[in-house]
Amino acid sequence: MDEDSKPLLGSVQFLLALSFRPFHVEPRNIVGDDPQERVSAEAAALSSRVHYYGRLTASSDPLLVPPDHVIPSPEDIYIYSPLGTAFKVRGGDSTAKNPSIVTIFAIWNTMMGTSILSMPWGIKQAGFTLGIIIIVLMGLLTLYCCYRVLKSTNSVIFPLLPQSNWEFPDVCKYYFGGFGKWSSLVFSLVSLIGAMVVYWVLMSNFLFNTGKFIYNYVHNVSSSDAFGTNGTDRVICPYPNLDPDGDSSTLQYYVSDNSTGPVFDRWWSKTHTIPFYLIILLLPLLNFRSASFFARFTFLGTLSVVYLIFLVTYKAIRLGFHLDFHWFDSSTFFLPEFRSLFPQLSGVLTLAFFIHNCIITLMKNNKHQENNVRDLSLAYLLVGLTYLYVGVLIFAAFPSPPLSKDCIEPNFLDNFPSSDVLVFVARTGLLFQMTTVYPLLGYLVRVQLMGQLFGDHYPGFLHVFILNIVVVGTGVLMARFYPNIGSISRYSGAICGLALVFVLPSLIHMVSLKRRGELRWPSAVFHSFLVLLGVANLFGQFFM
């Protein structure tokens, strides 16, 4: 009777010791030592009661928390992964925590994406000196905003609430209601769909150059329009910009690399045919119920970045540095150090440093929670140094003369001919990696959108197929008519960054301080400046 007289909130002590929620999972999804392992009937019944209590109120509402007697025993608890598998808890320690070094590199690996290919182009658009300054400043600003996201759960005024279950959209909903929830969802979808469009453009590019390399090798065709500082390393200017002061992304795309033949060019075109060939491969993969198979290949992202760093280092050593400082005026082969197109780099960097929508989840598994801020700062430092290394080396090593620095492309691999073996390896590896990551991104889009609209991640084949057609169609259209990953990245980065990087974290911090009566004018001015900076970053993509 004593136990029955305890309030429901008495179980909070137990729940706070767990960083996960118990789930009943279907037997086919269980991962264990015994392939025939099954969930016990008792555990299933207990878990059903947990779900019953969870449905009485919202998932983030502390009023009704399952009491202790409905919590499954440790041997019957499974940790459920959104990717479709479940892992049984072993031993008394319910969570597997990562040391700081693992957490830092997990953030680095998650943040490293296609933006690294656009860093030299971004520095070209801003100017060499101003580009370096902007990378450092944007890294610091996005780090601070990410810190505000990480600390946002601490500002919720419910001391008994198990905040380990909260994500940033929950915080947005707590402060701004349905508007906060849906705005965070919409802008998160913008970042995911923008990434999928960039992937489609890049996969079309890599598949085209891979096929061209094989064709040229078989038919003994060599390129003759490449330039370099020696006889072995070649650099090309595939899309010459006739207006150095203009936006090269608005120019028509003319391929100056050596033609391989009218029949081959007709059926193997980077913009006319390849984007449509990819539909045959990728559209069926997007309709899988679970993306767990593709999650096994996420380690390829780390290998791709490491190989790109090696490739950049090797090319810089072979080509040497070619720099001539012109602070405000252009020359035939060099660009000014400060250019008015710098917002294009800030837009790309907003996406390049974007991890705000999942940083809370990543930090939950850090073994020493007191080091979260330090580890987050070190991860951002590592990411910023990687971007600087790639961007500065490629820009400095680009052979000027004979080519102008303005020839640097949004994908710097396009500045190397398809016959380059080392670049061929990079393109082939990135093509395979992106082919496995693309279905994961599509799965995340489906989970977020369908879960909110229908309450089910897979409401039916027709619903999922229509969504996939829209997403794939967007990628095909962009790859066909506007295959500029730099511009696509800057637009999507500025749009999603406006809400998830600058506006929402700043507003949540100011509102929480005001509710506690601790808001002071220096903090209000600084965070209002961050909001205005996000707005200016977005408008700068259209008017600069």
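Keep in mind that glycine also has a Cβ here, set from the backbone N, Cα and C atoms.
Among the features that TrEMBL reports, domain 'Amino acid transporter transmembrane' is placed at 103-214 (among others).
Sequence annotations record features per position, and here TrEMBL assigns domain 'Amino acid transporter transmembrane' to 278-537 (among others).
The transmembrane segment annotation in TrEMBL covers 100-121 (among others).
According to TrEMBL, the transmembrane segment annotation covers 127-147 (among others).
Counting same-chain residues at least six beyond the ends of the transmembrane segment (182-202), those with a Cβ under 8 angstroms from any Cβ of the stretch are 113-114, 117, 168-169, 172, 176, 275, 278, 351, 354, 357, 411, 430, 434, 437-438, 441-442, 444-445, 448-449, 452, 471-472, 474-476, 478-479, 483-485, 488-489, 491-493, 495-496, 498-500, 504. Annotation source TrEMBL lists transmembrane segment at 182-202 (among others).
If you look up TrEMBL, you'll see 267-286 (among others) marked as transmembrane segment. Beyond the ends of the transmembrane segment (267-286), by six or more residues, the same chain brings 200, 203-205, 207-208, 211-212, 215, 253, 255, 260, 294, 435, 438-439, 442-443, 464, 468-469, 471-472, 475-476, 479-481, 483 to within a C-beta distance below 8 angstroms of the stretch.
Counting only same-chain residues 6+ beyond the ends of the transmembrane segment (298-321), those with a CB under 8 A from a CB of the stretch are 109, 112, 116-117, 228-230, 232-233, 235, 386, 389-390, 393-394, 396-399, 416, 422-423, 425-426, 429-430, 432-433, 436-437, 440. What TrEMBL lists as transmembrane segment is 298-321 (among others).
Same-chain residues lying 6 or more positions outside the transmembrane segment (341-363) and placing a CB less than 8 Å from one of its CB atoms are 103, 106-107, 110-111, 113, 115-116, 118-119, 122-123, 125-127, 130-131, 134-135, 138-139, 142-143, 145-146, 149-150, 153, 166-168, 184, 188, 191, 194-195, 247, 369, 372, 375-376, 380, 383-384, 387, 486-487, 489-494, 496-497, 500-501, 505, 537, 540-541, 544. The transmembrane segment annotation in TrEMBL covers 341-363 (among others).
As annotated by TrEMBL, transmembrane segment applies to 375-398 (among others).
Sequence-distant contacts of the transmembrane segment (421-441) (same chain, six or more residues past either end, CB-CB distance under 8 Å): 192, 195-196, 199-200, 202-203, 205-207, 209-210, 213, 281-282, 285-286, 288, 291, 294-295, 297-298, 300-301, 303-304, 307-308, 311, 314-315, 413. The transmembrane segment annotation in TrEMBL covers 421-441 (among others).
What TrEMBL records for 461-482 (among others) is transmembrane segment. Within its own chain, the transmembrane segment (461-482) is flanked in space by residues 193, 196-197, 199-201, 204, 271-272, 274-276, 278-279, 282-283, 286-287, 442, 445-446, 449-450, 454, 488, which lie at least six positions past its ends and keep a Cβ under 8 Å from the stretch.
Per TrEMBL, the feature transmembrane segment maps to 488-512 (among others).
The transmembrane segment feature in TrEMBL is assigned to 524-543 (among others).
Summarised by DSSP class, the composition of the domain 'Amino acid transporter transmembrane' (103-214) is 100 helix, 0 strand, 12 coil.
Residues of the same chain lying 6 or more positions beyond the ends of the transmembrane segment (127-147) and with a Cβ under 8 Å from any Cβ of it are 119, 323, 325, 327, 335-339, 342, 345-346, 349-350, 353-356, 359, 373, 376-377, 380-381, 383-384, 387-388, 391-392, 395-396, 497, 501-502, 505-506, 530, 533.
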